[in-house]
Amino acid sequence: MGEPANGSAERREELAANLAEVRKRIEAACASAGRDPDEVTLVAVTKTFPASDVRLLAELGVTDVAENRDQEARPKAEACADLPLRWHFVGQLQTNKARSVAAYADVVQSVDRLRLVRALSGAAVRAGRTLRCLIQVSLDEPRGGERAPAATGARGGADPAEVPALADAIAAADGLELDGVMAVAPLGGDPSVAFSRLAEIAADLRRDRPEAAVISAGMSGDLEEAVACGATHVRVGTALLGGRRAIVR
Ligand SMILES: *Cc1c(COP(=O)(O)O)cnc(C)c1O
């Protein structure tokens, strides 16, 4: 991390160029879909990159950043507490991390089970904060009627059938607000099929809860498909910040 001062101007230029490119892609996707680019929020996924990059992105006009591991996110958010950023948590979240996440996150995009709703609610109340919540939906195809354990295990996400109960629980919970849904396209699948399915799930949810208008979908490789299917938030890491090195723990 600790970039030398002369590296920072170069990095700023690199991030500015990447950001311009990503914004162009979003604008083109919106134009194709007949949508207003203002309807799509770019969330920069800064995992594995230093707080100095978050600072540069904020200077360049990025308003929303996302992280997927509490251990990494917490010190980074603290180092950037002076910046007017919304922090999104997008990773698998253990209930014992809810208190820590509630201290800095504005949005938790990965709410996928009732136990987590209860833990986040308690943590938000204790912290005196309101957490906006997205229900993370698993779009992996169930196999033979049963969801394969591997499909739900690795990346998280509730079964689509569980969305109404989760929505009720979030809406009723102190300290939480239901904002909408989030999904990651299944590996190797057609992202358009997955994101269309997500759009249907979101539309069903909005019939009961019109306030749940957020659809967080699309990453560096499939943001165009997500925008075409109505995404209001795209989560972009690699295309903005560059390739991530594997984290050795
Ligand atoms: C890392 C990550 C992203 C960003 O992925 P890129 O392909 O690097 O753009 C988006 N969403 C989630 C949940 C992630 O963990």
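Including glycine, each Cβ sits where the backbone N, Cα and C put it.
Unlike curated records, TrEMBL annotations are generated automatically.
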Which one of 5-32, 145-172, 173-200, 201-228 shows up in TrEMBL as coiled coil?
5-32
According to DSSP, which kind of secondary structure is K47 (N6-(pyridoxal phosphate)lysine) found in, if we only use helix, strand and coil?
coil
Within 10 angstroms of the C-beta of K47 (N6-(pyridoxal phosphate)lysine), what count of other C-beta atoms is obtained when all protein chains are considered?
18
